[in-house]
Structures are given as C-alpha cells and as structure tokens.
Amino acid sequence: MAAHQEKKPSGERSRKSAQNGSRTSQVQWGRAWEVDWFSLASIIFLLMFAPLIVYYFIMSCDQYQCSLVDPLVDLLTGNKHLSDIWNKTPALTYRAAGIYTLWVAFQVVLYVFIPDFCHKFLPGYVGGVQEGAVTPAGVVNKYEINGLQAWIITHVLWFANAYYFHFFSPTIIFDNWIPLLWCANILGYTVSTFAMIKGYFFPTNATDCKFTGNFFYDYMMGIEFNPRIGKWFDFKLFFNGRPGIVAWTLINLSYAAKQQELYGQVTNSMILVNVLQGIYVLDFFWNEAWYLKTIDICHDHFGWYLGWGDCVWLPYLYTLQGLYLVYHPVQLGTANAVGILMLGLIGYYIFRVTNHQKDLFRRTNGNCKIWGKKPEYIECSYMSVDGTKHYSKLMTSGFWGWARHFNYTGDLMGSLAYCLACGFDHILPYFYIVYMTILLTHRCIRDEHRCFSKYGKDWKRYTAAVPYRLLPGIF
Ligand code: NDP
C-alpha cells in the first residue's frame, strides 16, 4: 500500500543516493546501529528489574492494599523478611495454567483460522489481507487483519457467559491474577527465547535480521524483524495485538465484576476507567491496519522487549487503575467525573485525529484534505539495504504542523485521565502516566534518531519547519 506508493517506478530509482548523504548512512535506518554503554546498562537493568517491578506492584495490591511504600517500610524496619512476602504470594496453579493455555490457544485460533469478515459489513473498517510498510531489506509483508473480529467474538462470549451460561465467574481473572502472572511470564520468556534461537538458526527473512554481537541487546531488542511461522502467523502482530490487548478490556470487566461482588455496586470511577480504556482498545482494533505502519510493527525487531512486554508488562501494568479501584472503590463527584471524562475524550480525539491525519496523508500520497486544505509537506528520500532509492513525504500541516508527535500528547492526556479517576490517596494508579511519559518521550527521541538516519538532511528541513516535539512552544 503506502510503501508501494512511496516507491517511484523502477526507471526512476537510482542505485546511489545523490541527494541525501552516503549510502552507508542511508541503510542504517533500521534498528540498532551500535550498542552504547547507556543502552546496554538500560537493557540489563530492565531485564533484571522489569519482572520484579511487575511483581512488586501486583503484590502490593494483594498484600498491602495497593500501598507501594508499606512493603518497603516493612522490609527496611525488619518487620517482615522477603521470604514472608514471598511465602504469602499465591503460587502457580493448574487452574491458572489451564485458563491461560485455553486463552492463548483461543486467540491463536481466532488469529490464524478465522479470516476477517468484519470488513465485509462494517463501512469504513479496513480488515482482511493488508500490506505492511517496506522493511529495511525492501520487503513488504502481508498481514491478515482480523483483530476487531477476535475482540468482538471474545467479548460476545464473555458477556454470554456472564449473563447466560455461567460456566465461570466474571471475576475469574481477578481471582487468579497472581497465578496467571506466572503463566504470562512463562509464555513471555519462552517466546522471546524462541525468537532469539529462531533468529540465529531459521529466520523468516535473513536480510532483515540484525546482530549487534551483544547477547543482552539482541535478546532484549530482538534479532528478527518479522518472525513468522508459516505464511500468516506473525509474532509481532499476534503478541502485540492479541493475548494482551484483547485481554485488557476483559481484565477491566473482571475488576468491575469484583467491585460488584465485594461492595454491591460498581463505582463511577470504575465505569470511567472501563469506558476510556475500552475506547482506546477498540480504537486499536478498528485501526489495526493503520497499526501496521506504527513503530512497533514497522521498526522494532521482535525480542524480549515486545515478547515479554506484550505478555506481562502490558496486561499487568496497563490495568493497574481497575485493580486499584477493586481495593479502593472511589465514587467521584459529578464535576470531577465530567472533568475527567472530558480530559480523556479530548486526549483521545487529539490522539485519533493526529494518527488519522498521518495515515490519510501517507495512504493518499498527500492527495487529500487536512482541515479542509491540501496538506503541506516536505519531500524526502531514503535508501533500502538493496540500494533502491525510495521517496516519501513528511507532513507539516494539521496537528503535524503543531508538533512532531502531537499524537503522543493526546495519548498522554488520555493516560492522565485514567489515573485521575482513582483520586489522590495512593501513587500506584499514577504509575501509568509516569511510565507513558517516559515511554513516549524516549520513543519520540528514538524515532527522531531513526528518522534522521533515514532521511538525513530532509529530516533537518522538517525539524526546522516543525520545531517542537510534543508541546508547541515548550518541548
Ligand atoms: P507515529 O505513528 O507517530 O509514527 C512515527 C513515524 O511516522 C516516523 O517514524 C515516520 O515514519 C513517520 N512520520 C513522522 N513524522 C511524520 C510526518 N510529519 N508526516 C508523515 N509521516 C511522519 O509513532 P508510533 O508508531 O510510536 O505511535 C503510534 C501511536 O501509538 C501513537 O499515537 C502513540 O501514542 C501510540 N502508542 C501507544 C503506546 C502504548 O503503550 N499505549 C506505545 C506506543 C505508541 P516513516 O519512516 O514512515 O517516515
């Protein structure tokens, strides 16, 4: 699609970049140039501590009513030993292993065996077989886009069970939350390790592999760009978009059901969190084809960062607000509830419109209207590893003229709204906004580094035209 449109006919391609610096620099725009000491230190830190951070948050809720400080105080004052906390932690159970295996197997079946039918009757929805962006090796992968369908089928079955069949309690996720954490970790580590071995011994596309020579970096950031099994099972699309994100809304529903069970009512803050995060998740699936052009899919390689992150980090830490509200049911005053809803909706609007503007612009190769006018843009070029020269455009109007990543700004506003719904008694629910701010600021810098390597002086012209990253006039 867009990737093809960016390419000029073969006659116009040149084997050497005349405009944009040397070929050597041009083909470096995929992941990882070299591993500097800071990246290595960050990676080793994350490999060691990210699983502990997840455990600490979930344990704090289970044993300390979501206080992040009390466990530390207990440990530092000798009131408790690590072994006391560990011994109180629920172990892996056969029940949790069964639930998790069924869950992942069900999502695999929905992903691999049920071609999309939603695009046949939902106007405006893009599903079915779609193409991804051109990879550094010049490959354009095809994907079966059927995430919305998987989400709908899963949720219809969830509600059918909750209101009609009663095979299991809707609190099942909350009730098995820590045993399920062990299952998610097992899958996360297994898939990351498998991806590393596969990258060495039987890669799907050897030209798109990157070996830095540093074991930790390669394990964390991945070797293969688009590992696949068979023609259609794409690791990145499946793990990024299925077991974790489909579960996100179910996890929140399970928390709401637990509130109902414990207190006889669901608070307005829980409804707000369910609704705002539900919109975000549905948006993801409605726009899954667009997602093929985002950094996760078209720039990141598949390693522990995506494999373990999608299995563990996302479902456990992105849902902390709902978990917190089970332990601390917050009933917001009407003005606060409306204010938070507005913040969440405005954030979502900015996030969606900004992403849509870029998608429309790239899909139509600039032949569209942005805010009623023809978009303004900077022409740019880059080289793929086979020496082919490609052409692209960077938009400088619409929200993309306000800041270079205004989509992140909208995302951050929405994230803040989820946290505010939990009130101010504890810091735990605010982890999300702190994390998202670090993630998106780092991502913005990482992306700009990559774009500079890719587009060279054309990127400099773009940053001169749009000088701010996230907040016009400030940053
Ligand atoms: P973007 O969708 O902003 O994509 C960045 C890419 O877009 C660049 O690498 C470049 O790619 C292209 N681009 C940059 N500037 C322009 C321009 N002016 N005109 C046209 N194309 C341009 O980034 P992400 O993929 O990181 O994010 C997508 C969305 O996902 C965001 O809204 C973000 O908030 C959200 N997100 C959410 C996360 C979460 O955990 N909740 C995590 C990460 C992202 P090219 O090489 O094609 O030129």
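Numbering starts at 1 and runs along the chain as it is shown here.
Each Cβ is built from the backbone N, Cα and C atoms, and glycine gets one as well.
Annotations in TrEMBL come from automatic prediction, not curation.
These come from TrEMBL:
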- 1-15: compositional bias 'Basic and acidic residues' (COMPBIAS)
- 1-23: region 'Disordered' (REGION)
- 37-58: transmembrane segment (TRANSMEM)
- 92-114: transmembrane segment (TRANSMEM)
- 148-165: transmembrane segment (TRANSMEM)
- 177-197: transmembrane segment (TRANSMEM)
- 302-320: transmembrane segment (TRANSMEM)
- 332-351: transmembrane segment (TRANSMEM)
- 415-440: transmembrane segment (TRANSMEM)
*Near the transmembrane segment (332-351), which same-chain residues lie under 8 Å Cβ to Cβ, leaving out any that are not at least 6 residues past its ends?*
267-269, 272, 275-276, 279-280, 283, 399, 406-407, 409-418, 420-421, 423
_I'd like to know if the transmembrane segment (148-165) touches the transmembrane segment (177-197) in this structure, counting it as a touch only when three or more C-beta pairs sit under 8 Å and are separated by 6 or more positions._
no
*asked:* So, taking each listed stretch (92-114, 148-165, 415-440) in turn and counting its Cβ pairs to the transmembrane segment (302-320) that are under 8 angstroms, which one gives the highest count?
replied: 415-440
*Residues sitting near the transmembrane segment (92-114): Cβ under 8 Å, six or more positions beyond its termini, same chain?*
144, 146, 149-150, 153-154, 172, 176, 179-180, 182-184, 187, 232-233, 238, 242-243, 246-247
